[in-house]
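Structure, as structure tokens:
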Amino acid sequence: MLPFLLATLGTTALNNSNPKDYCYSARIRSTVLQGLPFGGVPTVLALDFMCFLALLFLFSILRKVAWDYGRLALVTDADRLRRQERDRVEQEYVASAMHGDSHDRYERLTSVSSSVDFDQRDNGFCSWLTAIFRIKDDEIRDKCGGDAVHYLSFQRHIIGLLVVVGVLSVGIVLPVNFSGDLLENNAYSFGRTTIANLKSGNNLLWLHTSFAFLYLLLTVYSMRRHTSKMRYKEDDLVKRTLFINGISKYAESEKIKKHFEEAYPNCTVLEARPCYNVARLMFLDAERKKAERGKLYFTNLQSKENVPTMINPKPCGHLCCCVVRGCEQVEAIEYYTKLEQKLKEDYKREKEKVNEKPLGMAFVTFHNETITAIILKDFNVCKCQGCTCRGEPRPSSCSESLHISNWTVSYAPDPQNIYWEHLSIRGFIWWLRCLVINVVLFILLFFLTTPAIIITTMDKFNVTKPVEYLNNPIITQFFPTLLLWCFSALLPTIVYYSAFFEAHWTRSGENRTTMHKCYTFLIFMVLLLPSLGLSSLDLFFRWLFDKKFLAEAAIRFECVFLPDNGAFFVNYVIASAFIGNAMDLLRIPGLLMYMIRLCLARSAAERRNVKRHQAYEFQFGAAYAWMMCVFTVVMTYSITCPIIVPFGLMYMLLKHLVDRYNLYYAYLPAKLDKKIHSGAVNQVVAAPILCLFWLLFFSTMRTGFLAPTSMFTFVVLVITIVICLCHVCFGHFKYLSAHNYKIEHTETDTVDPRSNGRPPTAAAVPKSAKYIAQVLQDSEVDGDGDGAPGSSGDEPPSSSSQDEELLMPPDALTDTDFQSCEDSLIENEIHQ
């Protein structure tokens, strides 16, 4: 089908003498492609750079004035980690009976303590600029986790790749394009820099095809080099734990242990944790602690000032300046005391019901990786036999009651990677929810794919008529590319919330879904449809299913290679480099949510709670997708319009610096699996493949499908696609793959480890490394005699990190100067 289509396109293309009028009319009226001086690039570059400087100045001001945005939550989190580490070190020290030297442990404690987000090296007006360069990768690893280091390493390899591509494109391909004489001999013509300046029979076109294949090889080599240095660490606990779905809902942990130990004689089950529906329990626990913090806050305030505080308990109550019926003020301590008591009762009732809400899932931890792999292979082999010779897993006396024939067994994700509150959403409900959300998302993006649909709608009301004939680069290039950037910046936020409401079980799954959906929509929005002169997906489908498809297709594909078409994408990359990265520093979506939550707070105590809990994890999925969209645009046009590559390199350099700052200062660490990073590598490889597609279409339009350059490009493209499909679907051609990971195992919870010369203790395992929801771990030490469901009861008591925060006085959270700034801010809030 593809060769027939290309051959038809080549035949009809030769008969279409001048498709420019059609392509221009398909654009934003007649104001986007008009043969401006060098495509309007100098004007757009100057405007975007001035906007960039203005946004940096605004960020520096906001950083000094609203310094608590994105910082108090990080300080609170660092302080919580520091207290948790200190308690763990003390428990280990006592339990080990003074065995060995504790230097290494206290060195880790110092590392955590030193990662407070506000330090003395960036407390000036613009000193944060130099602080970005002084942050080391080891500091980022300690504070932000290994995923942040992998992400930044990925960016550095992309930068290196763009440096090589830029040298080849600007140093060789650009002079070759200049050597043509097909277009007018004008020094200010942007078209002279493009491949459209070469005649169809020029032998220099072989150079472009060869360079496209070379870029593909360079991309694969760069990604293999990145993945070979990635050294992805997998915790030993994760490799020894299986996640079982489809288990009998009322199966007990002892019965699960008995099954595996009977079925596998050499197997020792260390722990079996059934899963329960804890979504409402987690909600009540969070609300209870908020109320307790509010009561503690106003109790401390009254002890200082000896004056009771009155509050309006309605949302936005602190903004209401008039007392009307239904919005009367109440005494703060009394209100929060009643609210806390009510929530405590609801919490206890819900906790008693948790045992009655099993999910039919369990996490089972074994004594070593070998037996874990054997059990996993046993279940998966049986499942893969189909209806012909389906076998049963190894039986035991408990097989029938546990329904082992219905089990789905896989490796468990990291405990920090799990959304415990989402485990209860599954089966038909989850799929229906996912379908509805994605249908709504598709309908929304169906009509708002590009800014062209907005401007063409404005044209119907003659809004742009007065400026249509000005032929000004500000009108024709700056605003369309700015609009395109605004929509492409809004799309990741929309896609992220769609993935969030899908209720994925793991953070990695949520990020992967966001990355793939966002990348697909962005490529359609930013690259494919604007390149083809299509203003939205509705026109795309009308064109695709029209009876005159083949006749119109040639004209559509000619739109890709108009002389000034590349200028639109050059200007888009410039806007992304300067305005996009500056807006990433400001974090406008997060700032808006922060302001809304502050406005909805009912008192100063709740505003303080908002400030302490408004920092979020870095969204690797959306970040990868947006970055790969710009990279794909750059690589796709790197040969047909080589002037775009230096601006793509500028974008990646600024993006790298901005992300280093945000990861270290503005976001909480995230724990993901390697699939999110491998998915980004696959998207990188897609970029040079699209470049080959572009060259194939150009050669087919100019010389026909049977021309030598067209046939060579087609063969290379087919071989590349076949290799990619065989590798992705069947695992072949591993040596030609862009993936070259090396896995390292971290011994976090082995059978007989020794830490610093001391024997291990139960206290050495942090709570986050247990396959049980945090709210159930807290329940183990509530003191009311109720243990967490599925717990063995032999674990030593340890206080909840969040409950510790409640019992600490406000002035004892940390001993840093930054915390004293927080206290003074809160006091100023109180007296306002």
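In case you wondered, yes, glycine gets a Cβ from its N, Cα and C as well.
From a predicted model like this one, the values you see are computed outputs, not experimental measurements.
Database features, via Swiss-Prot:
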LIPID     Cys51  S-palmitoyl cysteine
LIPID     Cys126  S-palmitoyl cysteine
LIPID     Cys382  S-palmitoyl cysteine
LIPID     Cys398  S-palmitoyl cysteine
LIPID     Cys726  S-palmitoyl cysteine
LIPID     Cys729  S-palmitoyl cysteine
MOD_RES   Ser111  phosphoserine
MOD_RES   Ser113  phosphoserine
MOD_RES   Ser114  phosphoserine
MOD_RES   Ser115  phosphoserine
REGION    567-599  region 'Gating helix'
REGION    780-814  region 'Disordered'
TOPO_DOM  1-40  topological domain 'Extracellular'
TOPO_DOM  66-145  topological domain 'Cytoplasmic'
TOPO_DOM  179-202  topological domain 'Extracellular'
TOPO_DOM  228-427  topological domain 'Cytoplasmic'
TOPO_DOM  458-472  topological domain 'Extracellular'
TOPO_DOM  503-506  topological domain 'Cytoplasmic'
TOPO_DOM  544-566  topological domain 'Extracellular'
TOPO_DOM  600-619  topological domain 'Cytoplasmic'
TOPO_DOM  667-673  topological domain 'Cytoplasmic'
TOPO_DOM  703-707  topological domain 'Extracellular'
TOPO_DOM  729-832  topological domain 'Cytoplasmic'
TRANSMEM  41-65  transmembrane segment
TRANSMEM  146-178  transmembrane segment
TRANSMEM  203-227  transmembrane segment
TRANSMEM  428-457  transmembrane segment
TRANSMEM  473-502  transmembrane segment
TRANSMEM  507-543  transmembrane segment
TRANSMEM  567-599  transmembrane segment
TRANSMEM  620-638  transmembrane segment
TRANSMEM  642-666  transmembrane segment
TRANSMEM  674-702  transmembrane segment
TRANSMEM  708-728  transmembrane segment
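Sequence-distant contacts (6 or more apart, same chain, Cβ under 8 Å) of Cys398 (S-palmitoyl cysteine) comprise Lys255, Ile256, Lys258, His259, Glu262. Two recorded stretches are said to be in contact when at least 3 C-beta pairs lie under 8 angstroms, sequence spacing 6 or more; the transmembrane segment (146-178) and the transmembrane segment (708-728) fall short of this definition.
Cβ neighbour density within 10 Å is lowest for Cys726 among the recorded sites Cys51, Cys726. According to its DSSP assignment, Cys51 (S-palmitoyl cysteine) is helical.
Averaged across the topological domain 'Extracellular' (703-707), the predicted model reaches a pLDDT of 79.
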